[in-house]
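Visitor: I'd like to ask some things about the structure below.
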Ligand SMILES: NC(=O)C1=CN([C@@H]2O[C@H](COP(=O)(O)OP(=O)(O)OC[C@H]3O[C@@H](n4cnc5c(N)ncnc54)[C@H](O)[C@@H]3O)[C@@H](O)[C@H]2O)[C@H](O)CC1
Ligand SMILES: [K+]
């Protein structure tokens, strides 16, 4: 698992080391210089002779770059330092002594023009304007400088390598927002631990390859992370793999109230997602048309009421009041009364206006940005889809706090928030996954995992939800999102990590469901 820590947590971990006069900045700077050299070599350049431009702000972020520039100068780089704030004195002295060419632009009347000229000759731009000390959108003249460089980079994408120091300057370090202009990075060398803004969209999309420089912040190992990203190993540890003693009730039975006469296909897609994820049985409850379609595709689905350990309610049910939405409401009331974990998707989310208020964290909402905006607005927090897309983590957390439920906010990066515990940010998906029905498949996958842990989550095994169950719904939802994304990549012909190259090919939602077993085989070994 990748754990990201807030700026405050990093500072708290730094304090005792700084008090003990540990050379944090020297360690950070050496790591930065090493990573810049590696980035040059990765692109086929020689280190010696390469021209490096340091963009230096007025704090310790700039200090890191100045000390790193001294290392690079001693390795034969031609290093220029554009000072755009009162530079770190020690760093400036070290850089000057090592032959770094310093350009003090603090009094320049057109610093952006001067920086652009220096940038035009440079093979590497080191963005050290602000780090975790940033407060809000970049102020002038930094904003104009960053805008000019970002425009230049957009016009010449194959140009300089951009290396961000700690974070790309100007991102929302703790919430992943983009309050103002930011220079997209190819590499972010982050000190001590990833920051939330390097995992949370939209800022995470501008960080490039994130490399963590170890500066000895061991105190963070015991700190509760602000944001987590599950990796394959975490999913392997979580995924319920049946053994000789298992039967369908120990593996979990999922109740599925999905699909309608208008959208019958959602029932098939949600059932596909659940069945391919692996569970004891799916009980489908719905009208004649979707029932027939589900049975045609999956004869193993049982279409009569009975014992279930978890529910998926709402895929393919419209938000407008209808007989079907009433059936979903009745199923939700029964599930809550029985303390069963529930996934609420699509039309079921519209039920949360006034009737269902304080939900347990074992209820997992799976909205997209528009549905989350509608849900928050219905609860008195006037919110637009754009508001959610600009700050997904903040709005997912707000919805979790207001409803009490776990919120899986679908998007290119899927964010999962629970009323307490860390946020999750899963970014395995490919753009091909943006296709009709993919959300129905994901709802089925989340439901299958909840069913697999159904008795534990319902507290039947331990009385009240045990401490080791706290946070489990969020982890399971994040695990489902990881496998959903990996399955889409597999179906699209994109293998390996999210960073692997290749364009892939179109996929349907059913292709994604069909690829889940292959994605799991790759993960479970
Ligand atoms: N503490 C240490 O020894 C280490 C710190 N590391 C690096 O230091 C930065 C954090 O440094 P800090 O001095 O606290 O703040 P910054 O340099 O990030 O920024 C402060 C600097 O930026 C100006 N500023 C703030 N907000 C804005 C804005 N919106 N627009 C324009 N300018 C802004 C502010 O006025 C100051 O001048 C951390 O990120 C690390 O890179 C080392 O890595 C480890 C040791
Ligand atoms: K920076």
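If you go along the chain as it appears here, the first residue is 1 and each next one adds 1.
Cβ atoms are placed via backbone N, Cα and C, with glycine included.
Straight out of TrEMBL:
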BINDING   60-64, 131-137, 166, 266, 316, 368, 440  (6S)-NADPHX binding site
BINDING   61, 127, 169  K(+) binding site
BINDING   410, 411, 412, 413, 414, 439  AMP binding site
DOMAIN    6-223  domain 'YjeF N-terminal'
DOMAIN    231-523  domain 'YjeF C-terminal'
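Could you give the neighbours, burial and distances for every feature on this list?
Guide: Around the Cβ of residue 135 ((6S)-NADPHX binding site), the same chain contributes no residue under 8 angstroms that is 6 or more positions distant in sequence.
Close to residue 169 (K(+) binding site) in the fold, though at least 6 residues off in sequence, lie 55, 57, 61, 127, 128, 129, 130, 131, 134, 138, 142, 146, 182, 183, each with a CB less than 8 Å from its CB. DSSP assigns residue 169 (K(+) binding site) to coil in the three-state reduction, outside any helix or strand.
Taking Cβ-Cβ distances under 8 Å and a sequence gap of 6 or more within the same chain, the neighbours of residue 410 (AMP binding site) are 366, 367, 368, 369, 439, 442.
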Visitor: Let me check the 10 A CB neighbour count of residue 63 ((6S)-NADPHX binding site). How many other CB atoms are there?
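Guide: There are 27 such Cβ atoms around residue 63 ((6S)-NADPHX binding site).
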Visitor: For residue 127 (K(+) binding site), what is the tally of other C-beta atoms lying within 10 angstroms of its C-beta?
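Guide: I count 29 other Cβ atoms within 10 Å of it.
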Visitor: Checking the binding-site residues 166, 368, 412, 413, 414, 439: which ones have Cβ within under 6 Å of ligand 1?
Guide: 166
Visitor: What Cα-Cα separation, expressed in whole Å, is found between residue 413 (AMP binding site) and residue 63 ((6S)-NADPHX binding site)?
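Guide: That comes out at 33 Å between the alpha carbons.
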Visitor: So which other residues, same chain and not among 61, 127, 169, have a Cβ within 8 Å of the centroid of the Cβ atoms at the K(+) site?
Guide: 55, 57, 62, 65, 128, 129, 130, 131, 164, 165, 166, 167, 168, 170
Visitor: Measure from the Cβ of residue 411 (AMP binding site) and count the other Cβ atoms within 10 Å, all protein chains considered.
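Guide: The Cβ of residue 411 (AMP binding site) has 21 Cβ neighbours within 10 Å.
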Visitor: Fill in the CA-CA distance, residue 132 ((6S)-NADPHX binding site) to residue 414 (AMP binding site), as an integer in Å.
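Guide: Residue 132 ((6S)-NADPHX binding site) to residue 414 (AMP binding site), Cα-Cα distance: 24 Å.
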Visitor: Over the span of the domain 'YjeF N-terminal' (6-223), how high is the average pLDDT in this prediction?
Guide: 97
